[in-house]
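Enquirer: Residues or ranges marked as domain 'Cytochrome b561 bacterial/Ni-hydrogenase' in TrEMBL: 11-186. Annotation source TrEMBL lists transmembrane segment at 14-33, 45-62, 101-124, 154-174, 208-228.
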Amino acid sequence: MTPAGKGGVPVWDLPIRLFHWLLVADLAGLWWTAAHDNLALHFKLGYAALALLLFRLFWGVMGSDQARFARFLKGPAAVLSHLRHMASPGPLPPQRGHNALGGWAVVVLLLVLLAQVGTGLFAVDDDGMEEGPLAHRVGASAAKLARRLHHANFSLIQIVVAVHVAAVLFYLVVKRENLVRPMVTGWKRLTFLPGEGEAGVGHGWVPLWRAGLLAAVAAGLVAGLVVFA
Ligand code: HEM
Ligand code: HEM
């Protein structure tokens, strides 16, 4: 059976979906632990965030078709054309994977999150009792600066995530396109006929063992950083 024959086309493989929803849960935990001054757990969740982000970078190069940066990062002409489609009434052209604007939104999300982890690793807390594993490698003033940047960047993260969720709602309400279901089930309802259009090219998902291997490498790198910091 072609993918379209199942009533949809496969879009997000399991590793991307796990990455996404684990990241959302992890961020909630990071916010909660910071707000309740549980820095021991905050650090652990921070390491998990770093492992997730490293995995996503690997998957963007060696992962499934739709996950690859080279596939969804397009030039300004494609972004402008997508913006024009967004501004005009009616549904968007069928899209399997990130659209030209969403692709760059992924880059922004990954960068602000990496910046948060990066500053956290060097930050010292306000009373100087707790510090990230790399804080001892820089002077006290640099660690304090890292802390200030960690605070400021979290405000930026809140704005970027709010825009992200607002964009998903915009597609749902205005464009009548449900992006959330594919991020949960992996499949998207598109009107391609079997054997036609993009649906005919197969799902492009690579075997799960590769994701397992890359996740283990990401976790190993983070463990190495913590142990040898
Ligand atoms: C802490 C909050 C969140 C963060 C950091 C976040 C981050 C991300 C990232 C990095 C991606 C890109 C996926 C990839 O290619 O790896 C993404 C995609 C997506 N996210 Fe989120 N997300 C958050 C919350 C949410 C929520 C609450 C929803 C549901 C309402 C949501 C729905 C989606 C959807 C539908 C996509 C796929 C968009 C598309 O089809 O191009 N996200 N998100
Ligand atoms: C994406 C990952 C992360 C997020 C979203 C995050 C978020 C936060 C937030 C919201 C705060 C409180 C800021 C405030 O009081 O205004 C905080 C504090 C802190 N974070 Fe993170 N964090 C992350 C990763 C890390 C990592 C990896 C480390 C170090 C291993 C770290 C170390 C710290 C430290 C030391 C503080 C204490 C600052 C203080 O007491 O003022 N964070 N973090």
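For all residues, glycine too, the Cβ spot is worked out from N, Cα and C.
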Enquirer: Take a look at 14-33, 45-62, 101-124, 208-228 and tell me which one has the most Cβ pairs under 8 Å to the transmembrane segment (154-174).
Expert: 101-124
Enquirer: Mind checking which residues of the chain, 6+ beyond the ends of the transmembrane segment (208-228), have their Cβ under 8 Å from one of its Cβ atoms?
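Expert: Answer is 13-15, 47, 50-52, 54-55, 58-59, 62-63, 121, 133.
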Enquirer: Looking only at the domain 'Cytochrome b561 bacterial/Ni-hydrogenase' (11-186), report the model's average pLDDT.
Expert: 96
